[in-house]
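Enquirer: I am attaching a structure below and will ask some questions about it afterwards.
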Amino acid sequence: MNIFLPSFSRVCRSRLALQESESENKLDGETASDSESKSEFGGSLPVPTSDDTPEVLNRALSNLSSRWKNWWVRGILTLAMITFFFIIIYLGPMVLMMIVMCVQIKCFHEIITIGYNVYHSYDLPWFRTLSWYFLLCVNYFFYGETVTDYFFTLVQREEPLRILSKYHRFISFALYLTGFCMFVLSLVKKHYRLQFYMFGWTHVTLLIVVTQSHLIIHNLFEGMIWFIVPISCVICNDIMAYMFGFFFGRTPLIKLSPKKTWEGFIGGFFATVLFGLLLSYVMSGYRCFTCPVEFNNDTNSFTVDCEPSELFQLQEYNIPLVLQSVVGWKTLRMYPFQIHSIALSTFASLIGPFGGFFASGFKRAFKIKDFANTIPGHGGIMDRFDCQYLMATFVNVYIASFIRGPNPSKLIQQFLTLRPDQQLHIFNTLKAHLVDKGMLGSLEDA
């Protein structure tokens with residue numbers, strides 16, 4: 001029996017070593033299912049290694065190390081993108097909505113292209129056609145809802161638009177059902193699982209990209225400031241976190257993004273909060289930024305002129321006694337919106353980066369560096385907007401929860417579309433309610 005003890009010991013040690021090796025692989029982010037996926041999908045995606053930096057910049061920065069060359073390339077192109085952002089803001093809300101639409105389509109294209117590169121060798125029928133068809137259906141539904149909501153008078157004035165508005169949801173559902181049936185008819189016996197993978201891939205992409213871009217447009221209609229400040233806070237946090245991390249970064253933040261550091265994360269937070277306060281103070285003084293974007297039926301154009309709400313009127317706040325001895329002031333004049341900007345900038349700097357971490361995990365799962373090579377030094381459009389989509393959802397929820405109240409103009413528009421007997425019933429009900437409140441004379445006096 002003693003003869004078998006050494007062999008038994010060797011078997012135990014080998015099994016223990018195997019388990020330790022598997023656990024190390026899992027810590028590195030690769031599980032057994034990942035290995036199976038590699039064999040099923042024909043291996044990992046090739047990592048693009050081509051240098052997409054413009055030749056002019058390559059020549060000008062040829063004497064620098066790769067680290068500093070990347071720093072200058074990112075810096076120059078960041079300034080170019082910020083300049084472009086200012087230009088489209090100057091061109092007005094209609095151009096902004098068109099840009100949001102173009103960005104949405106490009107982000108969808110980049111994500112779907114990754115899926116196509118993974119599965120193209122299987123020759124799945126109608127994959128890209130159905131993906132774009134579902135994008136068309138979802139955009140028709142969301143933008144149709146927006147047109148009906150914000151262009152109500154124009155829709156009621158034009159008979160074709162009125163009919164489309166009345167049956168909009170039924171038409172949208174019919175279009176989606178058509179795509180659903182096309183997908184079922186395209187199923188191939190040997191590729192069932194892969195086709196359902198891609199069906200889910202497409203729908204998750206639609207949820208992430210199209211829904212969020214629709215919320216961005218809704219935020220824009222609440223006022224340009226609700227569009228510009230959140231986006232600018234995300235941009236500021238991205239830039240300042242990179243700067244602090246580049247010069248002071250020492251401590252890794254998260255394994256999904258090895259280059260992210262705690263120094264950059266914390267420095268970006270404080271810089272973004274300060275930036276949000278300053279930008280909100282400047283923009284709150286201009287009606288073109290604070291007034292809701294409304295459609296003028298007389299001129300058939302957008303207008304941003306109104307009497308600013310209390311949110312954008314300077315108020316005097318008492319400084320806590322603990323801080324009075326430090327700052328030397330007893331009161332502080334600021335816009336109430338600046339207080340809300342603290343919540344926006346805090347989310348942009350503490351929670352918003354998790355949208356980027358999510359995108360990093362997605363890219364690592366498919367062994368790619370960037371979603372595309374659209375912007376040299378930055379990757380694809382989705383690489384720049386991964387945090388913006390999460391921010392758009394937060395802003396929309398924040399407005400609905402803490403800012404937006406009943407809109408009298410929309411109520412009146414809906415009231416005028418009712419039948420005369422329905423209008424009379426609402427009038428009598430409202431009159432009786434106001435009499436009970438003592439805001440009108442008695443019904444007998446009337």
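Glycine is no exception: its Cβ is also placed from the backbone N, Cα and C atoms.
Feature table excerpt (TrEMBL):
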type	residues	note
COMPBIAS	23-39	compositional bias 'Basic and acidic residues'
REGION	22-52	region 'Disordered'
TRANSMEM	126-143	transmembrane segment
TRANSMEM	170-188	transmembrane segment
TRANSMEM	195-217	transmembrane segment
TRANSMEM	223-249	transmembrane segment
TRANSMEM	261-283	transmembrane segment
TRANSMEM	337-359	transmembrane segment
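Would you situate these features in the structure and describe their surroundings?
Expert: Long-range contacts of the transmembrane segment (170-188) within the same chain, counting only residues at least 6 positions beyond its ends with a Cβ under 8 Å from a Cβ of the stretch, are 124-126, 130, 133-134, 136-137, 140-141, 144, 164, 195, 199.
Away from its own ends, the transmembrane segment (195-217) comes close to residues 97, 100-101, 103-104, 107-108, 111-112, 115, 119, 124, 127, 130-131, 134-135, 138-139, 142-143, 146, 183, 186-188, 227, 388-390, 392-393, 395-396 of its chain (Cβ-Cβ under 8 Å, at least six residues beyond either end).
With a threshold of 8 Å between CB atoms, the same-chain residues lying at least 6 positions outside the transmembrane segment (261-283) that come near it are 225, 228-229, 232-233, 236-238, 240-246, 248-253, 289-290, 334-335, 337-338, 340-342, 344-346, 348-350, 353.
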